Amino acid sequence: MTAWVPSDALGRRILCGTEFATVRYVGSVPPTAGIWLGVEWDDPQRGKHNGTHEGTQYFKCRHPRGGSFIRPNKANFGVDFLTAVKDRYGLNDKQDVHHGKESTLVFGKKTVEFVGMDSIIEQQRQLNQLVDISVHECAVSHADQKEEISRTCANIRHINLSKNLISSWETVTDIASQVQNLETLNISENKMKFPSTSVSVSSVFLKLRILALNQTEITWTEVLLCAPGWPALEELYLTSNNITVLERPENVLQTLKLLDLSDNQLLDGNQLHLIAHLPRLEQLILRNTGISSIHFPDAGFGFKTKMFPSLKRLAINDNKISQWSSINELDKLPSLCSLQCHNNPLMDTEKNPETLRQLIIAKIGQLGVLNKSEILPAERKGAELDYRKIFGNDWIAAGGHWNPERNRPSEEFLAAHPRYPSLCLKYGAPEEGELKRQQPLTLKNQLLTLTIKCPDKPEQKPLEKKLPDSMTIQRVKGLLYRLLKIPGSELKLSYESSKLEGKEVELDNDLKPLQFYSIENGDCVLVRW
């Protein structure tokens, strides 16, 4: 008996066992009899050839060994959306509904039992109440009969359709057109065809706010062609799509607040200029995008860029940024308050991660969160005072002076330290006498081993910490805010020593180093707030 092959099999997504593939050929393969499907596997290791058999090329593959021929009865062409929903939530038609027979309904972890024909009515009612539906990896391939979804699941607002057998954007539209109040849609991990011409504005995605298209092989051009159909979209996730080139969105994506382009190898950092004028974009995620530099050429030292006017949160982890100039450029963003920048070559320029953090804080004036850790006022003040002092001699050598009439730092210095003039205005310009007393930041033979206690908080266990004796009280406070997770209140520090039994010495000058107070190894720092 010949297995059934859908009339639109060519280009369809299928499952063969647990392996995903795309049908590239339907027909005979002489000298064998019968119909064969030529498939290109998602995992090329599963294949045997490139679509060629005995000298004849039946189809093409991206990978030289990514193809195979299989019989149609080995291919699972998937199920309709509603069948998948009923199977997923224990509501399929195979349940025993004879009078007196028990049947169960499963919602997440909750199981409800019903008896007899009443269960069908109750199941239908429960299905109609579903708001958030997940049919992840349920082999969904098509929509079902017209209006069946809207009649059965009238209240759906959120759908997870990831890792299914959806072959085209048209199928997504067929499903979504039956969901009037759709707000969230995840169709990641579906390799599908997208429109090649602009999509007209329709009511299908009128209320859609969140859309995930990760690992769908969509291009940025295709995103822009579909975007007129997403008039209210606020969050767009496009990770792992081989997007290399961006184009400027014209009259589309203007409502977007979050854009995730992670794991796409962008051609260069200048590609970002093409999306820099999205007026409401607040969060941009660019993890592992291959960018090596960031530059906003429209603004000079000490000025704000007109690009990314609303951007508050930026993630540039796992990239190739190696120059401090890119960090300097981020200070030009007018709204930036949160930055993630782990795993860039720049992070290897300083051996001490604490010093690295202080430098970034000092360079970006409005930053409130760095690598998911809040920057409290005491830490910012300490970082900026240290920065002003560390580079003070360079500033003087470059023509800087405490007297405004003689203060002419070079362009080269200002390019490397664009925030330095504003730090001088904030804290006063450093004087030569102050800079001569500068101590090295961290030397092993200057480390003090101190016990840290909170006498008013008995539940807080004592800590032992090694700190350089050149560390200012301001920086010690910044460290303690993070270590002890203290809310933004004023810290009061003092210390006890075995040499001063029964006495506490107050650490009352934020600008003085630990060595100023003659603190020694084994002494105890007391923290109150």
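Glycine is treated like the rest: Cβ placed from N, Cα and C.
Here's what TrEMBL has on this protein:
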| type | residues | note |
| --- | --- | --- |
| DOMAIN | 27-71 | domain 'CAP-Gly' |
| DOMAIN | 448-527 | domain 'Ubiquitin-like' |
Handout entry: Within-chain partners of the domain 'CAP-Gly' (27-71) [C-beta distance under 8 Å, separation at least 6 from its ends]
Key = 2-3, 5, 9, 14, 16, 19-21, 191
Practice task
Report the mean pLDDT of the predicted model across the domain 'CAP-Gly' (27-71), rounded to a whole number.
Solution key: 94
Practice task
Work out, from DSSP, the number of helix, strand and coil residues along the domain 'Ubiquitin-like' (448-527).
Solution key: 18 helix, 25 strand, 37 coil
Exercise for the section: Count the residues of the domain 'CAP-Gly' (27-71) that DSSP assigns to helix (H, G, I), to strand (E, B) and to coil, and report the three numbers in that order. Expected result: 3 helix, 16 strand, 26 coil
